[in-house]
Amino acid sequence: MASSLVSRPHLTQRPVRAATLASATRPRLAAGALSGRCQAQAAGDLDDAHYMRRCVELARKAAGHTSPNPMVGCVIVRDGRVVGEGFHPKAGQPHAEVFALRDAGNLAENATAYVSLEPCNHYGRTPPCTEALINAKVKEVVVGMTDPNPIVASKGIEKLQGAGISVRVGVEEALCRKLNEAYIHRMLTGKAFATLRATLSMNGIITNQIGKGADQSGGYYSQLMKEYDGVIISSDLAKMSALPLSREAGTNQPLCIIIAQGESSRLHIPSLSQEHASRAIVLADSPVTVEPAGVEVAVFRQIDLESILQLLAQRGLCSVLVDFREAGESFASLLNDFQEDKLVQKVVVEVLPFWLASDGLSNLAFGGSQSFPLKNLELRDVNGSVLLEGYV
């Protein structure tokens with residue numbers, strides 16, 4: 001099957017110059033002054049964490065644009081002052097280190113480079129970042145985490161060390177891993193990172209609604225559509241509502257993966273024009289003609305979530321949101337035992353401030369018969385609704 005993925009638009013990156021940071025005054029250490037050394041070490045650790053968090057902040061500027069590449073940010077620091085910053089804007093464009101070194105210019109010599117992900121050491125669509133750092137004569141590189149990509153995996157660190165550059169790894173590692181959780185998952189499993197999203201009423205009824213302003217610019221649902229490469233929806237939702245999209249400025253729209261199980265021989269998607277047919281792909285369990293023309297159809301002998309995630313990863317998608325709206329029993333069956341099979345990594349549930357009557361409403365269950373706690377559960381208020389996010 002030919003890929004129907006839409007090429008991502010160029011994300012322009014202007015040099016990002018941070019405000020000059022005043023050099024912190026360090027106490028002079030007398031010989032054997034253990035407490036002074038500990039204070040200096042603690043101050044250095046705080047600086048490292050500060051600059052690495054800035055790397056992550058920079059990297060997030062390209063959210064939704066870099067896939068299948070990771071998001072990466074880089075900060076160049078010399079004599080306690082930020083002299084260069086950069087982030088990777090889009091697959092095929094220069095990496096974060098290159099932009100930061102350009103920003104720093106000659107001030108990169110003898111500086112410390114902070115980067116959220118291990119610098120690459122191979123030729124792809126861009127030259128190795130290790131060579132750029134070596135040629136710039138930086139004295140030290142601080143890395144948030146090693147790259148799980150087997151092409152890179154510690155080779156970049158070894159290259160830098162071989163050139164006499166000091167390398168430290170693991171600063172704010174948990175934050176750096178969360179930044180690229182989808183990329184890491186795809187590298188380690190060969191499957192797209194999957195998040196299940198559903199909406200509940202206060203009395204636990206699964207509903208097709210989403211909260212006030214959620215799908216508008218700045219709303220949580222619009223943000224999700226910006227961050228995820230694809231969204232899996234039921235054919236019933238595709239027939240009844242507009243396809244999910246992000247309202248964020250300059251964003252890329254996710255690929256809509258429409259599940260058509262037990263459909264008739266024809267599927268009409270009223271909200272999709274032929275001009276934008278490449279925005280969607282239909283996965284069916286029998287041959288089906290889709291309107292408008294031009295929408296790709298993939299026929300499976302049996303549709304299951306594992307096969308879908310493998311297919312999407314092969315096409316370069318790192319992340320996908322499973323949107324549980326207008327979900328019939330066949331769509332819900334995709335999620336049977338997802339926890340046991342480790343097919344879904346994250347759950348997002350919106351609880352609306354409504355008590356819904358259950359008469360006549362289907363309250364489908366999903367996830368199989370096993371109970372399990374969510375990890376790292378977070379909740380926040382979003383326009384009167386409560387949004388819960390946790391990991392399986």
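For all residues, glycine too, the Cβ spot is worked out from N, Cα and C.
According to Swiss-Prot, the protein carries these features:
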ACT_SITE  Glu97  active site, proton donor
BINDING   His95, Cys120, Cys129  Zn(2+) binding site
DOMAIN    46-168  domain 'CMP/dCMP-type deaminase'
TRANSIT   1-26  transit peptide
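Positions of the features from Swiss-Prot, shown on the structure.
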residue	record	CB count, 10 Å
His95	Zn(2+) binding site	25
Glu97	active site, proton donor	30
Cys120	Zn(2+) binding site	25
Cys129	Zn(2+) binding site	31
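In the three-state DSSP assignment, the secondary structure recorded for Cys129 (Zn(2+) binding site) is helix. In the three-state DSSP classification, Glu97 (active site, proton donor) falls within a helix.
Across the domain 'CMP/dCMP-type deaminase' (46-168), the DSSP tally of helix, strand and coil residues reads 45 helix, 24 strand, 54 coil.
The residues near the Zn(2+) site, meaning same-chain residues not in His95, Cys120, Cys129 whose C-beta sits within 8 angstroms of the mean position of the site's C-beta atoms, are Val72, Ala96, Glu97, Val98, Pro119, Thr126, Pro127, Pro128, Thr130, Ala132, Gly156, in sequence order. Rounded to a whole number, the C-alpha distance linking Glu97 (active site, proton donor) with Cys120 (Zn(2+) binding site) is 10 angstrom.
Note on the domain 'CMP/dCMP-type deaminase' (46-168): its mean pLDDT in the predicted model is 95.
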